[in-house]
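Q: Take this structure first; my questions come after.
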Amino acid sequence: MARVGSYFLGHPWRIIVHSVQTCALAHYVFNHQYSFGWGYGPSMLPTFLVDGDIIIFDKHHRRGRDVRVGDCVSYHIPVTPDEDGVKRVIGMPGDYVLMNSPGATSDRMIQVPKGHCYIVGDNMPWSRDSRDYGPLPLALIKGKAIAKGQIVGCNPWKWFEPVPNGLAIEESS
Amino acid sequence: MRPTWARLLNKPSFPPPKTKWFHLRSSPRVRQFGDFGWYLFVIASWLPVVVMANDHFFELTRINGPSMYPFLNPDKDRSLTRDWVWTWKYNAQTKLARGMVVIFWSPFNPETRVIKRVVGLEGDIIRTKPPVPPGHVWVEGDGDVTQDSNTYGPIATGLIIGKVTHIVWPLHRVGRVNWEEYAEKIRHSP
């Protein structure tokens, strides 16, 4: 440790350079590997709480890479720049989806266009999603929610639980 | 000063001279991987900086398609060389103006980047179509062979990666992109 101290002590330039490198490494991890965020809002009840849930995102699924129907994804809200949202994918390119909620006045269906997906919140009456602004370009997807939880207690293994794909077809034997 | 015979035969002096990284190199923890391992570590430590710069600040981009002809790739039918442009990525999704040349992810193909010109901002009415919704812009290519907002409608500003600020190659057209000139050509009522 003494050597590391003498390496930095009295060398402000080294401190700046290595701070930049450390920030860049953190940026790489949070933007290309895994990141976390705090969920807020009622739109994904009961999967995510209104407030207080920490969500872990897998950034390998950015721009819709290997996203399946039923996955919870974080995305750039198209109508309000600078805001990100978390919703569930219910249609991938080529799928036919209901334009409105089930049981609404109109039962119109559309085919999700090429390069787009259809996202809807789990709490349908309190969600602003593709039913309002139409199919979402896959390129706006930032990552896939893989775990959720709260930091309660002393055992880190009990803090988080996986977010399952809610629409996966269960294998029946 | 080393002895003359040592300098002529290029023999290392003893003790070895103190180099720039002497403090860390001489620690046993680092030295166990050898000098090559140390240089590898120094290079690897700069890779995330390059990634961050390309993600958020600037990037050199090659223009392949004919969509911005004749502004970019004017020699597309005469030569195989393609234009290179300098893309500025910081605050790319804000402070957009009519006439700016932007690069964004194609709405139809999320792994393809396309270059177009911003023609309409949110609230603008483009040729009897509905107004551009909030958070969206209307983009069009300069050329005739182009797939733009006339095909896929207004694009979300979140798709925009960067603004093209300079042409870097070929050399005879190096310079700043004067997008303001084009902004005046776009007919709009305030």
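Quick reminder: no glycine exception, Cβ is built from N, Cα and C everywhere.
In case it helps, TrEMBL gives these features for our protein:
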{"type": "DOMAIN", "residues": "B:42-128", "note": "domain 'Peptidase S26'"}
{"type": "TRANSMEM", "residues": "B:36-53", "note": "transmembrane segment"}
Q: Can you give the mean pLDDT for the domain 'Peptidase S26' (B:42-128), rounded to a whole number?
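A: Mean per-residue confidence for the domain 'Peptidase S26' (B:42-128): 91 out of 100.
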Q: Treating G and I as helix alongside H, and B as strand alongside E, what does DSSP give for the domain 'Peptidase S26' (B:42-128) in helix, strand and coil?
A: 15 helix, 23 strand, 49 coil
